[in-house]
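Peer 1: Marked as domain 'P-type ATPase N-terminal' by TrEMBL: 77-137. What TrEMBL records for 132-153, 315-335, 341-360, 850-870, 876-898, 928-950, 956-977, 989-1008, 1020-1045 is transmembrane segment. Taken from TrEMBL, the feature ATP binding site covers Asp404, Lys405, Thr406, Glu500, Phe542, Lys566, Arg595, Thr675, Gly676, Asp677, Arg757, Lys766, Asn792, Asp793. If you look up TrEMBL, you'll see Asp404, Thr406, Asp789, Asp793 marked as Mg(2+) binding site. Annotated active site, 4-aspartylphosphate intermediate per TrEMBL: Asp404, in sequence order. The domain 'P-type ATPase C-terminal' annotation in TrEMBL covers 816-1054.
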Amino acid sequence: DSGAFFSCPELSSLICNMSKEKFWEGMALAAWRCGRGLGGVGVALTVWVCLSHRCSEWLRCCGGGEPRPRTVWLGHPEKRDQRYPRNVINNQKYNFFTFLPGVLFNQFKYFFNLYFLLLACSQFVPEMRLGALYTYWVPLGFVLAVTIIREAVEEIRCYTRDKEVNAQVYSRLTARGQPPAAQPWGRAAEWRAPPLLSTGSCFLRTDQLDGETDWKLRLPVACTQRLPTAADLLQIRSYVYAEEPNIDIHNFVGTFTREDSDPPISESLSIENALWAGTVTASGTCPRRGIELRSVMNTSNPRSKIGLFDLEVNCLTKILFGALVVVSLVMVALQHFAGRWYLQILRFLLLFSNIIPISLRVNLDMGKIVYSWVIRRDSKIPGTVVRSSTIPEQLGRISYLLTDKTGTLTQNEMVFKRLHLGTVAYGLDSMDEVQSHIFSIYTQVKARCGPGSAPLKGSAPTTKVRRTMSSRVHEAVKAIALCHNVTPVYESNGVTDQAEVALVQWTESVGLTLVGRDQSSVQLRTPGDQILNFTILQLFPFTYESKRMGIIVRDESTGEITFYMKGADVVMAGIVQYNDWLEEECGNMAREGLRVLVVAKKSLAEEQYQDFEARYVQAKLSVHDRSLKVATVIESLEMEMELLCLTGVEDQLQADVRPTLETLRNAGIKVWMLTGDKLETATCTAKNAHLVTRNQDIHIFRLVTNRGEAHLELNAFRRKHDCALVISGDSLEVCLKYYEYEFMELACQCPAVVCCRCTPTRDREKRGPVSRLSVLADLPVWSVRPAGDGGNDVSMIQESDCGVGVEGKEGKQASLAADFSITQFRHLGRLLMVHGRNSYKRSAALSQFVIHRSLCISAMQAVFSSVFYFASVPLYQGFLIIGYSTIYTMFPVFSLVLDKDVKSEVAMLYPELYKDLLKGRPLSYKTFLIWVLISIYQGSTIMYGALLLFESEFVHIVAISFTSLILTELLMVALTIQSWHWLMTVAELLSLACYIASLVFLHEFIGLGKQPMGGAFDVYFIATLSFLWKVSVITLVSCLPLYVLKYLRRRFSPPSYSKLTS
């Protein structure tokens, strides 16, 4: 029994202690020992248990299961036997064995493709066969071949890129100090963290990871810098502790401990000590590699977006399937359900299967490729990239635009505009006064101290008023020159935050220049060419959560320790000492459209700093809740700081932002601007960019914190009409929590919405209220996100129905994650007004004409079957049914993707034309019904006309009706075209020539001689004058009324664009 099985001592020892080398030997032993009493079941259970145990062990070793922290040992050879995941990347969706099954599964999981597969398979049943097998399998095979080739090309490209990365070589440092020959990178461990560099600090860029192109400082482990050579790293006894793998790319928790020193040295490791995989470095340890790398763990497949147009077409195909079932039931009902009526229903389902065109999806997919190619080749929007070729029609259905401010509407080029000290403010026209204050301070200090001497503490000019103002200006400028994360370079490279660069450049213009900086010191040059040296004791970088940064420095000349801090007013207001001007002046500067920073300082005694440093180091060594403990220690210093000044920088608008927003507004697109700025700054920018018109009222949504306040404010907002809404991120969160649908209903009626103090979280699971807007809006929502904010914008781009990224100055992550990428915001107008409008209208015409082509031949089949006593006999077989939708009509029908109703210049000049598309009129139930009626009329006319005019020559019914059908389709394409392209003419003539040539040279093959009435294509018969004029009459009767109706409609009820084209 199972109890005896599991009590087997050999199996127990194997499960408890199984090595890789003894795996198969032990499994065979257990199978033989335990299988003697259990037979085949015992062997199967033994193999299953061993495999399960072994696979689970290997899975844990390869990164599967629960992620665990890791310790990497140096100088401990006995502890190096650790298993790691393979150090390769794999971005392929399939492998060699799963490619074909995977592609086929993804195709046939949809009803549209599964229907045609079942249809083709049914022809293997003799009772249900209606014609040659290739008439069903060739079209299906063509569709699948196109899909398989496309997927194969993408997989090969992906495999090539992965292979190129995995084939990179590396050199490993050994105890002999000589690196061995280069080996494939895929067999090495990638550098992740921490670097044990022997060459000091370094800078790196993470633009391939988070899209930010600024240079980031990375620091080495301090105690390894004193080693003579890099080879000595292998002689020390130490270990590195790294936290468990996670997807957070902005934090890292670890420790470095050296055991062979007295006492043992422990240093905390953070993100500043980490290098990303693929970084070229001198020496280091590799706690993570392969699938445990955070860059790999952050790789996820974005959701597959389906445009509204594709959903509408899918809905129409379902209606066509319902019509197919109804027609089949009617045909059988007219036979009074005689005999095996259920089999007749299946035969009629197959007979009228052309009602659902199999070529519809192929034509639409090929059309999307053409639209994408046209967008990329447009010289008026250079640099535009189409990364999602499945939704170009969605560009013509945009109702709402969610746009960021910085980097999208603005250039992200900061210009220093204002310095405010509380009692006095300095603008661009008074910067010479600031310069004179700085010059007077250092010239008087130099005069008092003598040439070459260091400045003395407390040095001041003569008059008291002059002394007070000059000292305040000097302290403010010095704080701005010291409190930043800028490193001066003398070559053209990436920089840090644009606002920090603007501040440092301004201090240089007024006389205090940053000349040098490393990880431990800062050097400033005074107007008298003196060098002021400061030692950096601690640096607290800016984060999106804290919204502030700080630095602790020691003045080398005086020994003073000063804590400088700058940040947003919303957080600094609770840190600085009480004052009565901070809030008011921040509001005044924000109303001028300036971005405000509050600068403060605090002097520290030596004992006070030593106590802080001890607590700070202890908190950084913690591996549990490190961020919380570190923040708590830092906040102990952030109290009662002296307010020095306010700074105001301005971000210039991008070129042609105002006319572009006006174009979008005239096109019926409502723009929502999302920004992290103050309410006054956001309102000023909205007015300056003409997002809000001059004569438009603005409703400022009051700050609400609970459900009751939100209810009252929503009621007040409901009484406003045609006004722009300005709301803060906190109020938005409350409204979406309690009254999300009520709020969205009111907000969607506003011509413009400005959301300020809005900072989307980086967590994928906590996208916040802003990213939920695109999900809650019932209409198509389109999101434009800048690259300047890095990862903040990506989640909203992926959540939107159609995402467009603008390549900014601080990175490309948003543009890389977007469906469409543009280089300037002004290109947005042409992308929507021209390409979006054309793509949608062309696909609408193409899809409806393909449906008309299939319904027309189905109507002829219905007439043919009803005339012959509702027999389930096909009218066309073999090559005819295939050629009808391929060589005879494919090129003219597909040429509709080149059609356009107005020129691009007219579409840009009259954006009101775009507004008509928002109602979906080019493809609606009304237009669909019109095309259905046209198909029924033309199919019935052709079939009844052929029966009437050729009654005495009934054996030629196939040639008669098919020729009329081809000519009718070619004329209908000409009727549908609104602007002729030379390729359209070529397609019409080429298709007609192909048909005539097939009649002459392939008349026996295409006729087959096996038609139900014995008819075949007779070249002598079709060359007679009687055949020609009668076919012409049938074609004329089927098409002439439609031409007349089109003329009358354009004459008495012209479309909006017709007046512009005349």
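Numbering starts at 1 and runs along the chain as it is shown here.
For all residues, glycine too, the Cβ spot is worked out from N, Cα and C.
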Peer 1: Pull the DSSP breakdown for the domain 'P-type ATPase N-terminal' (77-137) and write it out as helix, strand, coil residue counts.
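Peer 2: Breakdown, helix to coil: 34 helix, 0 strand, 27 coil.
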Peer 1: Over the domain 'P-type ATPase C-terminal' (816-1054), what does the predicted model average in pLDDT?
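Peer 2: Reported value for the domain 'P-type ATPase C-terminal' (816-1054) is a mean pLDDT of 84.
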Peer 1: Measuring CB to CB from Arg757 (ATP binding site), give everything in the same chain under 8 Å that is also at least six residues away in sequence.
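Peer 2: Spatial neighbours, sequence-distant, of Arg757 (ATP binding site): Val570, Gly676, Asp677, Lys678, Leu679, Ser728, Gly729, Asp730.
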Peer 1: For the binding-site residues Asp404, Thr406, Phe542, Gly676, which one has the sparsest Cβ surroundings, going by other Cβ atoms within 10 Å?
Peer 2: Phe542
